[in-house]
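Here the structure is laid out as structure tokens; the discussion comes afterwards.
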Amino acid sequence: MSETPKKLLIAASGTGGHLFPAIATAEQLPEYEIEWLGVPDRLETELVPQQYSLHTVRLGGFQGRLGLGSLRLLSQVLQATLQVRQLLQRERFDGVFTTGGYIAAPAILAARSLGLPAILHESNALPGKVTRWLSPWCSLVALGFEAATSHLPKANSVVVGTPVRSQFLTNHELPTDLTLPPEAPVILVVGGSQGAVAVNQLVRTAAPAWFEAGAWVIHQTGTNDEAADSLQHDHYIHRPFFEAMAGLYQRADVVISRAGAGTLTELAFTQTPSVLIPYPFAAEDHQAYNAAAFAAANAALVCRQADLTPIALQDMVLTLIHNPERRAQMAAAAASLAIPDSAEQLANLIRQTLT
Ligand SMILES: CC(=O)N[C@H]1[C@@H](OP(=O)(O)OP(=O)(O)OC[C@H]2O[C@@H](n3ccc(=O)[nH]c3=O)[C@H](O)[C@@H]2O)O[C@H](CO)[C@@H](O)[C@@H]1O
């Protein structure tokens, strides 16, 4: 007689940085019956694969000071926790897995109040608030960066890196509709899953000097940039979002990027040198901590947006383009930060915790 499959609720919401590692982990658990917990109208409604039913609860962010907003949020969390408790009981789930952020709060609280295991993955070097508050109650906390350990002294933590999508493991092909001359230097600009308007502006001003040096610029602009179409050049390709990121990183000589944990993990995988401009308004400036870990390993150059002029960016990238030796050193340093079997490790830890 075959055993009933175990049921896992995955709580991951909002950004590619939270959703892609969760999807990558889910793909490593084919024997599990998996359902998803998210928020209406966020990225999960588009990104979560169809095979996972999506349940939603209403929740805002945990940013800002204490005040009326926090009270509203607290009441949302309590309400959501009750909803998730009912879901876990009704559908007989065996545990929850979450990649942090606000959706983690009701998932962890509901699971632990029912005595079910809760596994949390935190991809950032500076763990988010929800992770810091709730990690002592989690059965297991898996970490993307070693540096995060010191912020979670009471957690049962283990460093596994951050899982990447299967495209990073299987193929590094360029998108089929994108042809680039084989010898041309390529500068790839990415702004996280949402794009980065401030980086876009810097890049558009700096780019003519890069074109003059024979380079091509592939630019993910996001969907919020009104000036996205303002730069036109034969060596310039821009889109709001690219699906096949692995091939693009692989082809790029230099990547200019925000410092989200997902992107950094991928840059380590593809061993791509980078110039990082941490998003200055990220919660508690956490992207600066991610970037610092890469800078400390010599895998990236890091610039604060407030100090960065287009000329400085232009020159920094030109210097890298003209210095293959330096790029090779940075690539090797990036590779040393990669944990290639992160998704497998995490999936195995989930199996062990849910027995
Ligand atoms: C603004 C903000 O607070 N962002 C946070 C958010 O991630 P956010 O989604 O902003 O950034 P990440 O770098 O973590 O992830 C971006 C993901 O989107 C993918 N991508 C990007 C562009 C594109 O055209 N195509 C594409 O597929 C990247 O390959 C990557 O997998 O959660 C991360 C994990 O907690 C944090 O580290 C980030 O700081």
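Cβ from N, Cα, C; glycine included.
Quick look at what TrEMBL annotates:
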| type | residues | note |
| --- | --- | --- |
| BINDING | THR15, GLY16, GLY17, ASN124, ARG165, SER193, GLN287 | UDP-N-acetyl-alpha-D-glucosamine binding site |
| DOMAIN | 9-140 | domain 'Glycosyltransferase family 28 N-terminal' |
| DOMAIN | 186-346 | domain 'Glycosyl transferase family 28 C-terminal' |
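When the binding-site residues GLY16, GLY17 are scored by other C-beta atoms within 10 Å, GLY17 scores highest.
A sphere of 10 angstroms centred on the C-beta of GLN287 (UDP-N-acetyl-alpha-D-glucosamine binding site) encloses 29 other C-beta atoms. According to its DSSP assignment, GLN287 (UDP-N-acetyl-alpha-D-glucosamine binding site) is helical. When the Cα positions of THR15, GLY16, GLY17, ASN124, ARG165, SER193, GLN287 are compared pair by pair, the longest gap among these UDP-N-acetyl-alpha-D-glucosamine-binding residues is 21 Å. When pLDDT is averaged over the domain 'Glycosyltransferase family 28 N-terminal' (9-140), the result is 93. In sequence order, LEU43, GLY101, GLY192, SER193, GLN194, GLY260 are the residues near THR15 (UDP-N-acetyl-alpha-D-glucosamine binding site), counting only same-chain partners six or more apart with C-beta under 8 A.
For ARG165 (UDP-N-acetyl-alpha-D-glucosamine binding site), the same-chain residues that are 6 or more apart in sequence and have a Cβ closer than 8 Å to its Cβ are PHE20, ILE23, ALA24, ALA246. Between the listed binding-site residues, namely ASN124, SER193, the fewest other CB atoms within 10 angstroms of a CB are found at SER193. Taking DSSP states H, G and I as helix and E and B as strand, the domain 'Glycosyltransferase family 28 N-terminal' (9-140) has 58 helix, 23 strand, 51 coil.
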